[in-house]
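Below is one structure, written out as structure tokens, with a few remarks after it.
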Amino acid sequence: FLISGHGTKGVFELLSGWRRTRENLPFKDRVADAYSDVMVSYTMTSSLYFIAFGMGASPFTNIEAVKVFCQNMCVSILLNYFYIFSFFGSCLVFAGQLEQNRYHSIFCCKIPSAEYLDRKPVWFQTMMNDGHQHTSHHETNPYQHHFIQHFLREHYNEWITNIYVKPFVVILYLIYASFSFMGCLQINDGANIINLLASESPSVSYALIQQKYFSNYSPVIGFYIYEPLEYWNGTVQEDLKTLSQGFNTVSWIEQYYQYLRVGNISATNKSDFIGVLQSSFLKKPEFQHFKNDIIFSKAGDENNIIASRLYLVARTSENTQREAVELLEKLRPLSLIQSIKFIVFNPTFVFMDHYGLSVTMPVLISGFGVLLVLILTFFLVIHPLGNFWLILSVTSIELGVLGLMTLWNVDMDCISILCLIYTLNFAIDHCAPLLYTFVLATEHTRTQCIKNSLQEHGTAILQNVSSFLIGLVPLLFVPSNLTFTLFKCLLLAGSCTLLHCFVILPVFLTFFPPSKKHHKKKKRAKRKEREEIECIEIQENPDHVTAV
């Protein structure tokens with residue numbers, strides 16, 4: 001799904017560049033013009049995709065799922081780029097040959113003459129027509145008759161740049177920014193385990209009931225001691241009490257100590273402690289279930305306890321997940337500095353570890369991505385203000401997606417992190433051509449410049465984003481919460497990008513720099529230099545032809 005967004009962008013941009021060429025040119029010149037017009041920017045955006053996901057595929061990434069995904073993305077980007085550069089270009093050459101020789105682009109047969117088509121039914125005329133009126137077949141720019149191009153030029157450009165529409169667009173952006181900022185303040189840290197399950201799974205029902213009725217208790221934590229200890233030693237007993245302080249414990253050690261106190265039994269040495277434990281305590285019916293928690297070994301006539309386990313349960317507040325992570329972060333360092341060697345584990349710790357990284361990972365990777373954009377635009381400066389507008393637009397889209405997906409109950413899990421990285425590239429892919437065409441335009445007014453920019457790139461952007469969003473529809477029918485998260489994030493990425501390209505940027509670029517007054521002054525100066533007075537001598541002879 002992610003690679004389709006970048007791939008179709010290259011296809012539609014190259015197709016748009018091909019349609020902007022003159023049809024009366026040789027097809028080799030048309031392909032050359034299309035490649036020179038499109039492939040430079042597409043090469044830059046592909047490079048940015050490759051570098052951004054290359055960072056995710058590097059050894060610095062400590063989440064294996066993200067690393068594998070980014071590796072596959074890098075390979076897909078390379079294959080996609082060479083597909084556009086080679087195969088799709090060859091298809092354009094073939095299409096140019098068909099157009100030049102007036103062959104049908106689908107059936108590859110000669111297009112009948114107009115007289116022949118007039119005698120046939122309407123469906124036959126529709127199928128066999130080449131799409132051009134015969135009076136305009138050799139126009140210099142037949143792309144102007146494309147229905148999206150016509151709509152943008154004749155209707156949308158005039159409407160979005162209307163002085164009465166601009167205040168409403170500003171209000172719309174303020175609402176967008178407010179909701180985005182509000183969502184960014186309510187980010188849910190970490191992955192909810194329910195999102196990793198199928199929608200109709202019984203595990204979802206279990207997790208919901210557990211969160212509803214028993215959320216004030218942490219998961220049952222296994223406390224595993226993996227070395228022989230002097231359990232009869234008072235110092236060791238105090239250390240074990242300190243480690244389990246604050247927990248509700250299910251422990252053979254506590255039960256055994258209580259058993260010794262109630263029975264007034266002395267077990268201050270090794271032989272007495274293990275003898276009473278094996279011969280009396282573990283033989284009682286109420287304590288027999290502790291047999292599986294103690295591992296004995298026999299060396300000669302002596303028995304030793306080489307490992308044991310107990311269970312800890314912590315009482316927590318409503319934010320069980322956050323407190324469980326904090327609990328995990330406190331217990332693990334203790335296992336390294338305490339004299340007792342132990343391990344704490346619960347199967348949910350796998351997700352807790354991911355939860356602990358889920359806040360730092362997107363911040364670090366997004367930060368590296370923004371820094372990379374700054375470096376690339378610094379060395380490849382097309383226009384300083386163009387770079388500034390690009391960074392501003394990408395930041396607005398990124399924060400918008402982050403805030404709105406939080407308001408849509410999307411947690412910061414592995415899928416949302418990858419989508420945030422992808423949003424950075426997706427926004428650059430669509431905003432960069434529009435912005436750089438605007439800042440390099442030489443028209444007299446900013447309004448005319450943004451109209452030309454939308455007319456040149458609007459069709460490709462609209463076609464690509466529409467195809468991308470339509471391609472997401474099958475995700476709605478997959479019975480998976482994780483897939484639905486992917487749908488939400490990509491839908492927001494496409495919608496926010498479309499909103500900026502067609503609504504926000506066309507209005508805000510007419511208010512702020514770069515100014516087009518210097519272009520106007522330059523044109524006036526050149527026009528004054530070219531102004532000359534030509535004197536024409538007209539003789540009285542009416543038959544004389546005067547040349548000017």
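Placed from the backbone N, Cα and C atoms, the Cβ positions cover glycine too.
Annotated features in TrEMBL:
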- 1-94: domain 'SSD' (DOMAIN)
- 39-61: transmembrane segment (TRANSMEM)
- 73-95: transmembrane segment (TRANSMEM)
- 163-185: transmembrane segment (TRANSMEM)
- 363-382: transmembrane segment (TRANSMEM)
- 389-409: transmembrane segment (TRANSMEM)
- 415-439: transmembrane segment (TRANSMEM)
- 460-478: transmembrane segment (TRANSMEM)
- 490-512: transmembrane segment (TRANSMEM)
Considering the transmembrane segment (39-61), which listed stretch of 73-95, 389-409, 460-478 counts the most C-beta pairs under 8 Å: 73-95
The domain 'SSD' (1-94) - residue tally per DSSP class, helix then strand then coil: 80 helix, 0 strand, 14 coil
For the transmembrane segment (389-409), distant same-chain residues with Cβ under 8 A (at least six beyond the ends): 176-177, 179-184, 186-188, 366, 370, 373-374, 377, 416, 419-420, 423-424, 427-428, 431-432, 435-436, 439, 488-489, 492-493, 496-497, 500, 504-505, 509
